[in-house]
C-alpha cells in the first residue's frame, strides 16, 4: 500500500465514533488531524492515498471547536489588572487552569487602571499559541479607562480618563503600547471618540462599546466608524427604553453598514442578566451573541475577599460585589457553565450554544479561518463533550491538553 509519507512525516490521527459540530450542525463523521490542523479526508485518501496512523474511539462524544473567552479579568487568585513581578507566572496559571473549562484561547482583560499599571503589564502580555502549557493568548482586552462616570460599574472613578485633549494620542499615552492589544472597550458618547475608533480600527484592533450612557444614534455612529462589539450587553449601559433604546438598539438597528455584523458579549451566569433578557437578546440577534465569563481573580476560589484591579471585591455565593456595596464586579462563572446556562435559559440548540462560545468570538476577532470552527485546515483546537455539554477532554493543535479522568474527577 502507498505510504502516508508523500506529503508529511507527521502521524495522522483519526477520531472516530463522534458527532462533529460543522456547518452549524452536529454531523456523525470522523475528525482527521495532522500537524495541529484538521485534515480533509478526501484529499488524504485520493491525493495522498494515505490512512490513519492512530485511531481514537470518542465513545459517542460531541466534538466542538475550543471555546474562546474574549473577556476574562483573571482567576484562581490571579488578577490581570495587578502589576506584579511574577505577572507572567500568573497568566500562565490561568491559561493552564481554564483548559478544564474548555477554553483554548482567550483575551486577558484589564479593567480601568492608572497609566503606570498599563505601562508595566502590557509589555508582559504576548500573543502566543496554546498547548500543554495552557490556552492560547489572542491579545489583551482593555476595558476602560475611557468610559462613562455614570456607568463605571466596578471601575475606579479616580482612574477614568477622556480623549478631549489629544484624542488618539491621549489613548496611546495612557496605554503606552498597543502591540499586544486585541480589543478596547470605550464609551462612544465621549468627545472625539470617532477619531479614536477610526485609528484603533485602522490598526486591526476591535472596538467595543460599553460602560456608557450613549443613545442609539451615538452608538450607530460609532459602528459606522468601525466599532463591532458591545461589552456585556445590558450591564453598565442605559436600560432599554422604547423611545431611545441606547446601545441595546444596535441589535436591531437598520443603520449598520452593509456587510457588517455587530457582536455583543453576554455574561450568561444567571446573575448578570435575567434569563428573559438573555432570551430577548438571543432572539433579536442570534448571530451576534458572544458568551464571555468576565471572570475575576476569585473564579475557582472559595467565597471571600479578592481584588479586581484597584478595588477589593467580595464573593458571596455566585455574586461578586465591590466590597461594602451591591455593585456587581465581574463574575466567578466558568465558560462551560455559561454555555450550559445559555442553552438552558434560551432553549436553543446544542449547536447554537457551542457556537456562541467558539464561532462567534472567532468571527468577532476575524480569526474564523483558523479558530472557532472544525473546517478543513483550521487549527485542531477542539473539545470532547457529553450530551449535557460537560467537557470531557480539551485538545489544542490536535494534542490532548486536559482530560477529566486525568484530573481525578
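Glycine residues also receive a Cβ, built from the backbone N, Cα and C atoms like all the rest.
TrEMBL labels come from automatic prediction, so no person has curated them.
Taken from TrEMBL, the feature domain 'Amidohydrolase-related' applies to 62-401. The annotation Zn(2+) binding site is assigned in TrEMBL to 143, 211, 232. Marked as substrate binding site by TrEMBL: 154, 235, 236, 243, 272, 328, 329, 330. What TrEMBL lists as active site, proton donor/acceptor is 294.
Put simply, the two farthest-apart Cα atoms among 154, 235, 236, 243, 272, 328, 329, 330, the recorded binders of substrate, are 30 Å from each other. Comparing local CB density within 10 A for the binding-site residues 211, 243, 272, the maximum falls on 211. If you check the recorded positions 143, 211, 294 against residue 330 (substrate binding site), the ones with a Cα inside 10 Å of its Cα are 294.
The 10 Å shell around the Cβ of residue 235 (substrate binding site) contains 18 further Cβ atoms across the protein chains shown. Annotated pair the residue listed as 'active site, proton donor/acceptor' and residue 154 (substrate binding site), C-alpha to C-alpha distance, rounded: 12 Å.
Using a 10 Å Cβ-Cβ cutoff, residue 143 (Zn(2+) binding site) registers 29 neighbours. Here the Cα atom of residue 243 (substrate binding site) is found 20 Å from that of residue 211 (Zn(2+) binding site). For the binding-site residues 154, 272, 329, a Cα to Cα distance of within 10 angstroms from residue 232 (Zn(2+) binding site) holds for 272. Cα of residue 272 (substrate binding site) to Cα of residue 143 (Zn(2+) binding site): a distance of 17 Å. Taking the C-alpha positions, the distance from residue 328 (substrate binding site) to residue 143 (Zn(2+) binding site) comes to 16 Å.
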